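K.L.:
What TrEMBL shows for this protein is this:
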type	residues	note
TRANSMEM	12-31	transmembrane segment
DOMAIN	14-301	domain 'Sugar phosphate transporter'
TRANSMEM	43-63	transmembrane segment
TRANSMEM	83-104	transmembrane segment
TRANSMEM	134-153	transmembrane segment
TRANSMEM	195-222	transmembrane segment
TRANSMEM	228-251	transmembrane segment
TRANSMEM	258-279	transmembrane segment
TRANSMEM	285-304	transmembrane segment
Amino acid sequence: MEDGKMGNATTIRAVLAILQWWGFNVTVIIINKWIFQKLEFKFPLTVSCVHFICSSIGAYIAIKVLKTKPLIEVASEDRWRRIFPMSFVFCINIVLGNVSLRYIPVSFMQTIKSFTPATTVILQWLVWRKYFEWRIWASLIPIVGGILLTSITELSFNMFGFCAAMVGCLATSTKTILAESLLHGYKFDSINTVYYMAPFATMILLIPAIVLEGSGVVSWLYTYDSVAPALVIIITSGVMAFCLNFSIFYVIHSTTAVTFNVAGNLKVAVAVLVSWMIFRNPISGMNAVGCAITLVGCTFYGYVRHLISQQATATPGPCTPRGRMEMLPLTGEKQGDKI
């Protein structure tokens with residue numbers, strides 16, 4: 001009886017963690033799209049900068065004031081040698097996500113982001129010379145096919161937004177791969193990650209944002225009718241971005257890797273549906289099929305990775321040097337959206 005109650009409590013906690021993660025994620029995406037489309041604040045670098053600043057403040061309060069997580073100490077030399085390069089790629093990733101969101105619909109952007117597993121595996125194969133089982137490659141086929149079908153049938157296709165989203169996938173993959181080497185020895189959670197990376201990202205992005213978008217932002221402040229409510233929405237977007245990172249911390253500790261993978265793909269479907277209900281961007285039948293194939297492919301890919309991981313744990317043994325197939329790509333089973 002006691003075990004049953006504990007099991008029910010664990011299930012309820014996992015469901016609540018997933019729901020609040022979905023809520024924050026979808027809210028951030030919808031608010032950002034609203035800022036670009038409805039508020040006519042077409043400045044993705046500035047929006048990203050606001051996110052970084054809010055996340056820096058939020059992480060400081062969470063760790064130093066509220067002490068919700070202990071601070072992971074990082075040597076000063078490692079901050080510049082390890083954290084700074086990660087922050088640079090991290091910054092590019094977030095900026096490109098916001099740039100793509102300005103030019104293409106949420107549904108298309110979210111589908112392209114699902115291409116990240118494929119770019120991660122391909123990068124490790126081409127650049128880092130890692131080799132993978134045929135099952136890994138086979139599991140990427142529906143992801144690639146779904147992305148191709150979605151891109152061909154997208155009614156609101158924009159080449160610049162598409163390229164920004166695709167390069168953003170490469171940046172995400174690069175960040176994931178670099179984390180294995182640069183952050184080796186440090187067990188960062190999502191809050192400590194933001195605590196160290198968001199200030200660096202702010203420093204990296206602040207000057208380009210001022211130079212490239214400063215005059216446009218000033219002009220918007222003078223010409224837009226309801227500036228005060230609009231600024232509240234923009235700052236709220238930054239606060240929600242930090243809350244998203246906090247929610248990732250809870251969902252990771254409340255679910256298994258498989259549940260996290262499935263929930264992550266369902267989250268994309270929820271974001272696509274909610275965005276369509278709000279912005280009513282045209283979606284053709286074949287476009288919806290392409291999106292569905294991509295999400296099913298991502299789920300299948302996660303399942304294959306889990307199977308291989310389980311087999312590797314159950315049957316450890318020596319590997320042949322060159323002909324060996326690497327068991328798993330460094331995609332991070334429990335990696336979520338950052339900022």
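Cβ coordinates come from backbone N, Cα and C, glycine included.
Map these features onto the structure and tell me what's around them.
P.N.:
Distant neighbours of the transmembrane segment (43-63): 32, 35-36, 69-71, 91, 94-95, 98-99, 101-102, 191-192, 194-195, 198-199, 201-202, 205-206, 208-209, 212-213, 216-217, 220, 234-235, 237-239, 241-243, 245-246, 339; these residues of the same chain sit at least 6 beyond its ends, with a Cβ under 8 Å from one of its Cβ atoms.
Only residues 6 or more beyond the boundaries of the transmembrane segment (258-279), in the same chain, are considered here, and those with a CB under 8 A from a CB of the stretch are 14, 18, 21-22, 25-26, 29-30, 33-34, 37, 105-107, 110-111, 113-114, 251-252, 291, 295, 298-299, 302-303, 306, 333-334, 336.
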